[in-house]
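Visitor: Feature table excerpt (TrEMBL):
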| type | residues | note |
| --- | --- | --- |
| BINDING | Thr54, Asp55, Asp56, Asp266, Asp268, Thr269 | Mg(2+) binding site |
Amino acid sequence: MSFTIFSDTRLALARDSLAGLSVGDALGSQFFVPGNDPTDLAAGRLPAPPWSWTDDTEMACSVVRALATAGRIDRDALALAFAGRCEPYRGYGPGAVTILRLIRTGTPWPVAAASAFDGQGSCGNGAAMRVAPLGAYFADSTARAAAQARASAEVTHAHPEGIAGAVAVAVAAALAARARLDGHRPDAARLLAGVAGTLEPDSEVHRGVRRAAELRDRPLTEAVDALGNGSRVTAQDTVAFTLWVAARHLADYPAAIRACVEAGGDVDTTAAIVGGVVAAYAGVGTPGGVPTDWLAAREPLPAWLA
Ligand SMILES: [Mg+2]
């Protein structure tokens, strides 16, 4: 089935996804602050505001800004935007800081991205953590979402697994946003199968997403054991787990974020990915969507996004 989405609707879906991504990032990162205990969130107690967002949100804002101005990803422009807006204290990994510094000082992005990790390119979770709003924007075409996600990933992540992670998250967000538009929530198995079908079959991310589908009714601890929780900060260790959580809790944003916090690991990034996918379906300020008091506790998004 295909249908037309007007540009205002695309952007509204992307902005809802960004709200979910940024609140997940900002709330998740609170659990690296000493004194904030994950069990408090499970008991309904929120950390004291403001919740500062991190690199996940900063880069996602550049993706949304690119779509708002051009309607598509121009890799050269996106590379320069990522590099120019990078505030290293926002929790960027050392590999990302190096690539973005090279781009900022004139190295072409294909050279900078390929130079990472002794020439293998990055398979980190950075391309996946920023891409959910792009998927929501292309809710009418998983093929377009996948192709544009690949373009957005390549400027920093040359490794096939890093790119596959971004494609998987974008397609999940596209399917979530499409389900919101047509009013049919996909069950977890169907959503995960839809994602797996767009991935290279020989990738670890693909195998992980298929495994996530098999584990869809299993407890959280079992999913973490099998899929990871982002603690190795690779796409392989992060993406399948996040899509397992999002598929399970697609209509309940708070439950989805609580699952990420309970799982531990790279919580700001797992909660950013999950939040971006779930908010594409559940919305903001709606039943099951991003709670308005959580949104109010998040540090305001950068002024340049407007
Ligand atoms: Mg982060």
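Using N, Cα and C of the backbone, Cβ positions are placed for all residues, glycine too.
Any TrEMBL annotation is an automated prediction that lacks curation.
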Visitor: I'd like to know which of the binding-site residues Thr54, Thr269 has the most other Cβ atoms within 10 Å of its Cβ.
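Guide: Neighbour-count leader: Thr269.
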Visitor: Other than Thr54, Asp55, Asp56, Asp266, Asp268, Thr269 themselves, what residues in this chain have Cβ atoms within 8 Å of the centroid of the Mg(2+) site's Cβ atoms?
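Guide: Not counting the recorded site residues, we get Asp25, Gly28, Ser29, Thr57, Gly91, Met129, Ala272.
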Visitor: Indicate whether Asp266 (Mg(2+) binding site) is helix, strand or coil by DSSP.
Guide: coil
Visitor: List the residues of the same chain that sit at least 6 positions away from Asp56 (Mg(2+) binding site) in sequence and have their Cβ under 8 Å from its Cβ, in sequence order, or write 'none'.
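Guide: Asp56 (Mg(2+) binding site) has long-range Cβ partners Leu21, Ser22, Asp25, Met129, Arg130, Asp268, Thr269, Ala272.
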Visitor: Including all protein chains displayed, how many Cβ atoms other than that of Asp55 (Mg(2+) binding site) lie within 10 Å of its Cβ?
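Guide: Total other Cβ atoms inside 10 Å, all chains included: 27.
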Visitor: Tell me which residues of the chain lie with their Cβ under 8 angstroms from that of Asp266 (Mg(2+) binding site), as long as they are six or more apart in sequence?
Guide: Asn125, Asn229, Gly230, Ser231, Val233, Thr238
